[in-house]
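Peer 1: Positions annotated as transmembrane segment by TrEMBL: 14-37, 49-73, 88-109, 130-153, 173-198, 240-261, 273-296. Annotation source TrEMBL lists domain 'G-protein coupled receptors family 1 profile' at 30-293.
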């Protein structure tokens, strides 16, 4: 019976290890492609894409410096790297995940600026300013990770673990609340606010286009359908972005604050298991981010074709999407508003007044 139990446990560990390794490899591959594509597609060499690269950097570092040690820890059940590296690993975990979350927040701010003030956007979002904002993200992330963890500000007096076999992120009440607010809750509120304003601005633009189309009687039905289609796609994209972010990270930060406030023991096996599962839910956000923020971009899709498809097959392959990014939507709506063709056709339908 003992042997069968041990065999079942080994098979379970092997299965879990295999799944986690696949997640790690997909995360590494997806975020690596994000770095390669600008070299193949000049249209991706924009200021906005710098935020995507910052996001990919954070997620790639999660795949390289956080996930592998977590996989070894999960499969073996023993921390093999000592107490000092345990603190370093936890600091890496907090820093890279925070950088990823805060970058998502800055992407929402960037997209709001591009939708709300498209004419002033190029002057406001310069390359220099974007670089400074990216540096601020990483400095901010390091300040709430390495500094408090290495100084032991997160620890609870009298609560410890076996450093030779375990590596547990113990957090006191103050640290759990403050760090969770700075790393997740505040960026999350900013993201929701920005995407709400983006949605509202997009609806106003779409409504204005439909109103203009009806006034000049220029294909009102098709114009209305196109505007509604763009609006629906943008709304669907925003819903998916927010939903994925919430599903991946909200359980971790809610549970983290809960066990700190309620005084639950970190060494409790049930709590430890739940914490591991929801931590990997958070890691999976780094796996999904390239698909949401890069793969849905049409310029990125063109670069991706050059990587995975031969040129002779390129014309036959359509990596279309049911969704478009918010930036694509705002650009399309803006183009429809300012298109010379539409203005010319509209003017041609207006009959000149004849003076007798």
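Quick reminder: no glycine exception, Cβ is built from N, Cα and C everywhere.
Quick one: where do these features end up spatially?
Peer 2: Listed as Cβ neighbours of the transmembrane segment (14-37) (distance under 8 Å, sequence separation of 6 or more from its ends, same chain) are residues 44, 52-53, 56-57, 59-60, 62-64, 67-68, 70-71, 74-75, 280, 283-284, 286-287, 289-291, 294-295, 300, 303-304, 307.
Long-range Cβ contacts of the transmembrane segment (88-109) within its own chain (Cβ-Cβ under 8 Å, at least 6 residues beyond either end) map to 51-52, 54-55, 57-59, 61-62, 65-66, 69, 81, 133-134, 137-138, 140-142, 144-146, 149-150, 167, 169, 179, 182-184, 187-188, 190-191, 194-195, 198, 245, 249, 282-283, 285-286, 289, 293.
Only residues 6 or more beyond the boundaries of the transmembrane segment (130-153), in the same chain, are considered here, and those with a CB under 8 A from a CB of the stretch are 47, 50-51, 54, 58, 87, 90-96, 98-99, 102-103, 106, 175, 179, 182-183.
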Peer 1: May I ask for the residues of the chain that lie six or more residues beyond the transmembrane segment (273-296) and have a Cβ under 8 Å from a Cβ within it?
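Peer 2: Residues 20, 23, 26-27, 30-31, 33-34, 37, 52, 55-56, 58-59, 62-63, 66-67, 70, 74, 97, 100, 104, 107, 237, 240-241, 244-245, 247-249, 251-252, 255, 259, 304, 321, 323-325.
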Peer 1: Could you please provide the mean pLDDT value for the domain 'G-protein coupled receptors family 1 profile' (30-293)?
Peer 2: 85
Peer 1: Using Cβ atoms and a strict cutoff of less than 8 Å, what residues sit near the transmembrane segment (173-198) while being 6 or more residues removed from its termini?
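Peer 2: Same-chain residues near the transmembrane segment (173-198) but 6 or more away: 94, 97-98, 101-102, 104-105, 108-109, 111-112, 115-116, 144, 148, 153-154, 234, 238, 241-242, 245-246, 249-250, 253, 256-257, 259-261, 326, 330.
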